[in-house]
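Engineer: Let me give you the structure first, and then I'll get to my questions.
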Amino acid sequence: MENRWQVMIVWQVDRMRIKTWKSLVKHHMYVSKKANRWFYRHHYESPHPKISSEVHIPLGEARLVIKTYWGLHTGEREWHLGQGVSIEWRKRRYSTQVDPGLADQLIHMYYFDCFSESAIRKAILGDIVSPRCEYQAGHNKVGSLQYLALTALIAPKQIKPPLPSVRKLTEDRWNKPQQTRGHRGSHTMNGH
């Protein structure tokens, strides 16, 4: 039988970021109990030697599986020391990979209190609204003016330690796009 390759997206991450992620997940699973339905699988429980941990997050009938890897081929930079993260959405026999932003939104939908757009309607109707959003990483857009006014009125409470964000885990701190100068600031265009 011929070899079959399966390609998957693995986000290159430095090991300190993975260590922080694991620590936050364990804290919110066992101490704060905000993620008590999550399941953490250690590296010695995994049959694959490159997997350093797995976090299974139930989302209704589906689940999100976040795997951290070690011992991968290093990247083009010296700090890419063979660490990585893959994010997978599974439901029964179907699975697909998702990006960190979508993963955070899915986590937000099923867990953590939110002062969301529906709070405006509830406040107008006289219902009690949740005063804050516990998981800011799950929002990827700017709210309406009414929403921004209500959030300015009710100051968000900072949670220590912060909730684990998949987007923050996979964020590239070193390769942020360079800010290019405008027409006035460009030395080559001005002939200097």
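Numbering starts at 1 and runs along the chain as it is shown here.
Cβ atoms are placed via backbone N, Cα and C, with glycine included.
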Engineer: I'm validating the feature mapping. Which of 123-136, 151-164 is tagged region 'Multimerization' in Swiss-Prot?
Structural biologist: 151-164
Engineer: Which range, 5-9, 35-39, 40-44, 115-119, does Swiss-Prot list as region 'Interaction with host APOBEC3G'?
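Structural biologist: Spelled out, Swiss-Prot records region 'Interaction with host APOBEC3G' over residues 40-44, not the other listed ranges.
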Engineer: Of these modified residues, T96, S165, which scores lowest on Cβ atoms within 10 Å?
Structural biologist: T96
Engineer: So for H108 (Zn(2+) binding site), how many other CB atoms are inside 10 Å of its CB?
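Structural biologist: So the number of other Cβ atoms within 10 Å of H108 (Zn(2+) binding site) is 21.
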